[in-house]
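Below: one structure, written as structure tokens.
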Amino acid sequence: MGASRLYTLVLVLQPQRVLLGMKKRGFGAGRWNGFGGKVQEGETIEDGARRELQEESGLTVDALHKVGQIVFEFVGEPELMDVHVFCTDSIQGTPVESDEMRPCWFQLDQIPFKDMWPDDSYWFPLLLQKKKFHGYFKFQGQDTILDYTLREVDTV
């Protein structure tokens, strides 16, 4: 395993629904996902999360709550992805489509796991139960999980 790069992922959760975005281009295109991306140099992880949410959905947030950290390894890729997962229920604005993402609300019992990253079905239930977690997923390509660990933690 080599060096890692910081990424963010923000899930907008309301009592009966979650906001996901259909990735329109680039890494993960064609999948529903939360909003996020690379943390830029000189930016805190939380600032990066806020920026990515605003760029990809038009939303601004009052408060972000860090709920998880997942390290992804993709066979053949030199860098690990160190993804910091946040959730929020306090948003301002209306979700709007961007060049990268098409936002859509989903009822919590209708989350489209078959059209999401395969690892989401492992950790999303913890997120919905307001539990904090650490995870590691090793992928072959973008569809096959070769190995993983996932555990609940008290603090992220």
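The count begins at 1 with the first shown residue.
Each Cβ is built from the backbone N, Cα and C atoms, and glycine gets one as well.
Taken verbatim from Swiss-Prot:
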- Thr8, Lys23, Asn33, Trp117, Pro118, Asp119, Asp120: O(6)-methyl-dGMP binding site (BINDING)
- Thr8, Lys23, Asn33, Trp117, Pro118, Asp119, Asp120: 8-oxo-dGMP binding site (BINDING)
- Phe27, Phe35, Gly36, Gly37, Lys38, Glu52, Glu56, Trp117, Pro118, Asp119, Asp120: 8-oxo-ATP binding site (BINDING)
- Gly36, Glu56, Glu100: Mg(2+) 1 binding site (BINDING)
- 3-132: domain 'Nudix hydrolase' (DOMAIN)
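Mapped onto three states, the DSSP output places Phe27 (8-oxo-ATP binding site) in coil. Here Gly36 (8-oxo-ATP binding site) is compared against the binding-site residues Thr8, Lys23, Glu100, Asp119, Asp120, and the shortest C-alpha distance is to Thr8.
Using the Cβ center of Gly36, Glu56, Glu100 for Mg(2+) 1, the list of other same-chain residues with Cβ within 8 Å runs, in sequence order, Gly21, Lys23, Phe35, Gly37, Glu52, Leu53, Glu55, Ser57, Ser98, Met101.
Overall, the recorded 8-oxo-ATP-binding residues Phe27, Phe35, Gly36, Gly37, Lys38, Glu52, Glu56, Trp117, Pro118, Asp119, Asp120 cover a maximum inter-Cα distance of 22 Å. Counting every protein chain shown, 26 other Cβ atoms lie within 10 Å of the Cβ of Glu56 (8-oxo-ATP binding site). A 10 Å radius around the C-alpha of Glu56 (8-oxo-ATP binding site) takes in none of the binding-site residues listed as Thr8, Trp117, Pro118, Asp119. Here the binding-site residues are Thr8, Asn33, and the one with the most other Cβ atoms within 10 Å of its Cβ is Thr8. Of the listed binding-site residues, namely Gly36, Pro118, the sparsest Cβ surroundings within 10 Å are found at Pro118.
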